[in-house]
Amino acid sequence: MATSVQTGKAKQLTLLGFFAITASMVMAVYEYPTFATSGFSLVFFLLLGGILWFIPVGLCAAEMATVDGWEEGGVFAWVSNTLGPRWGFAAISFGYLQIAIGFIPMLYFVLGALSYILKWPALNEDPITKTIAALIILWALALTQFGGTKYTARIAKVGFFAGILLPAFILIALAAIYLHSGAPVAIEMDSKTFFPDFSKVGTLVVFVAFILSYMGVEASATHVNEMSNPGRDYPLAMLLLMVAAICLSSVGGLSIAMVIPGNEINLSAGVMQTFTVLMSHVAPEIEWTVRVISALLLLGVLAEIASWIVGPSRGMYVTAQKNLLPAAFAKMNKNGVPVTLVISQLVITSIALIILTNTGGGNNMSFLIALALTVVIYLCAYFMLFIGYIVLVLKHPDLKRTFNIPGGKGVKLVVAIVGLLTSIMAFIVSFLPPDNIQGDSTDMYVELLVVSFLVVLALPFILYAVHDRKSKANTGVTLEPINSQNAPKGHFFLHPRARSPHYIVMNDKKH
């Protein structure tokens with residue numbers, strides 16, 4: 001059976017050090033068009049999600065991650081130790097499954113960029129063409145990862161700087177020039193438009209996109225154990241991360257919202273739409289650079305998808321180690337890649353992609369369903385995280401931990417309940433059709449989302465019920481936790497949701 005090796009960690013991580021290894025989560029260029037559909041109220045949604053959801057998740061996860069004996073294993077360990085192994089298995093499974101669905105909006109973005117580069121609209125509009133192209137890209141990227149992930153983090157680093165950060169700053173700079181020139185702005189930015197129209201329930205659905213942009217912070221909570229002064233520095237780091245996320249996402253989303261009217265934004269290709277308008281206004285003589293920028297964005301998101309393929313499966317591998325999965329899922333190839341877990345995840349992605357793209361028309365509705373489905377699946381894990389934390393506070397107050405949410409038991413419960421209630425609210429509004437989906441499409445939106453969710457929801461519980469956990473997988477694999485001292489180069493440029501929590505050690509070779 002696989003074993004886990006504990007490694008000592010020097011308490012050397014400072015406030016800025018922790019911020020640096022977590023900051024990659026605040027850049028999500030492919031979500032900017034979705035943000036933009038809410039106009040100036042996107043700032044309100046970002047503040048709401050940051051204060052009522054991001055901060056509670058970060059604080060609760062940090063306290064659980066520093067409980068003696070719970071330092072490794074993440075949400076699986078926390079939920080298993082508070083609610084039981086069945087729920088721990090479900091929680092980590094939902095993290096694994098949400099990545100499978102989360103690939104779909106990213107692939108749609110890639111196809112949107114490709115359609116601009118190749119001047120091939122069908123690639124972004126025709127469902128069959130879109131499906132075939134997305135499947136080819138997905139499995140081609142998977143093949144590059146089966147050979148091992150030695151260079152994955154470095155590729156992700158290059159992709160982050162050249163394909164995410166650089167285009168984002170170009171977008172913001174062009175938008176600033178556009179605004180300064182006195183060009184027409186597609187939205188109003190004042191105190192009235194700051195708040196969404198609460199009388200229109202459909203306008204609230206976009207909140208799920210803002211929740212998604214904050215998801216994954218719990219994956220970095222294990223590094224709290226490495227901080228020299230977690231009680232002081234960790235809450236400040238969370239505040240800095242929230243401010244950075246709000247500032248960058250606000251400016252990025254508004255750069256699109258003020259150029260493209262909300263009802264004309266293409267969620268897959270909205271960034272390229274905006275670059276086209278901005279460049280034609282600011283520097284029409286070099287409008288050809290839009291295709292170059294599109295190529296950078298394409299490479300950035302391709303690098304991101306590639307880097308997300310193996311990491312979550314390695315995280316899920318801990319359940320095979322605990323005999324919660326059939327022995328086949330514990331199999332590794334010679335390069336330390338859990339191929340059965342990776343292939344299973346990609347099969348789920350492929351099936352969902354085919355269904356959503358062809359029944360949803362391959363347009364904004366397909367994108368929105370994939371986005372909402374990703375969120376509701378992941379929220380199921382967060383329900384268990386918050387409930388598990390409440391159990392920890394009420395039933396295990398004497399367990400030693402390095403970090404405590406300040407303020408005592410009452411404050412701890414308030415933080416957890418606020419996070420849980422916000423999660424429930426986000427979960428409910430996810431199933432409401434957005435305003436830009438009208439007529440018969442609203443029924444299709446709800447039906448597709450509900451059925452897809454119920455199928456995915458059932459998977460972990462069915463597998464847990466039918467699997468004989470007495471069988472043992474003899475893999476000869478050792479798991480070595482990754483920390484800030486031994487992490488591979490470029491590891492922290494991966495989004496926290498996509499990072500592998502441990503090395504795979506086989507035959508004395510670390511993967």
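Placement of Cβ uses the backbone N, Cα and C atoms for every residue, glycine included.
The topological domain 'Cytoplasmic' annotation in Swiss-Prot covers 1-14, 63-93, 149-157, 222-239, 313-335, 388-412, 467-511. Annotation source Swiss-Prot lists topological domain 'Periplasmic' at 36-41, 115-127, 179-200, 261-291, 357-366, 434-445. Look at Swiss-Prot and you will find 15-35, 42-62, 94-114, 128-148, 158-178, 201-221, 240-260, 292-312, 336-356, 367-387, 413-433, 446-466 tagged as transmembrane segment, backed by sequence analysis.
Counting Cβ pairs under 8 Å that are 6 or more residues apart, the transmembrane segment (158-178) and the transmembrane segment (94-114) reach fewer than 3 and are not in contact.
Between the transmembrane segment (336-356) and the transmembrane segment (42-62) there are fewer than 3 Cβ pairs closer than 8 Å, counting only residues 6 or more apart in sequence, so the two stretches are not in contact. Using a cut-off of 8 Å between Cβ atoms, the transmembrane segment (240-260) and the transmembrane segment (367-387) share fewer than three residue pairs, counting only pairs 6 or more apart in sequence. Among 42-62, 94-114, 128-148, 201-221, 413-433, 94-114 has the largest number of CB pairs under 8 A with the transmembrane segment (292-312). Beyond the ends of the topological domain 'Periplasmic' (115-127), by six or more residues, the same chain brings 108, 133, 266, 268-269, 272, 276, 290-291, 294-295, 298, 357-358, 361-363 to within a C-beta distance below 8 angstroms of the stretch. Long-range contacts of the topological domain 'Cytoplasmic' (149-157) within the same chain: residues 303-304, 306-307, 310, 335-337, 488-491, 493-494, 500, 511, each at least 6 residues beyond the stretch ends and with a Cβ under 8 Å from a Cβ of the stretch. The DSSP breakdown of the topological domain 'Cytoplasmic' (313-335) into helical (H, G, I), extended (E, B) and coil residues amounts to 13 helix, 0 strand, 10 coil. On the 0 to 100 pLDDT scale, the topological domain 'Cytoplasmic' (149-157) averages 75 in this prediction. With DSSP states grouped into helix (H, G, I), strand (E, B) and coil, the topological domain 'Cytoplasmic' (388-412) comes out at 13 helix, 1 strand, 11 coil. With Cβ pairs under 8 Å as the measure, the transmembrane segment (42-62) is packed most heavily against 201-221, out of 94-114, 201-221, 367-387.
Scored by C-beta pairs under 8 angstroms, the transmembrane segment (94-114) has its highest count with 367-387, from the stretches 15-35, 201-221, 367-387, 446-466. Sequence-distant contacts of the topological domain 'Periplasmic' (36-41) (same chain, six or more residues past either end, CB-CB distance under 8 Å): 187-190, 193-196, 203, 206, 253-254, 256-257, 260, 262, 265, 267, 270, 434, 436.
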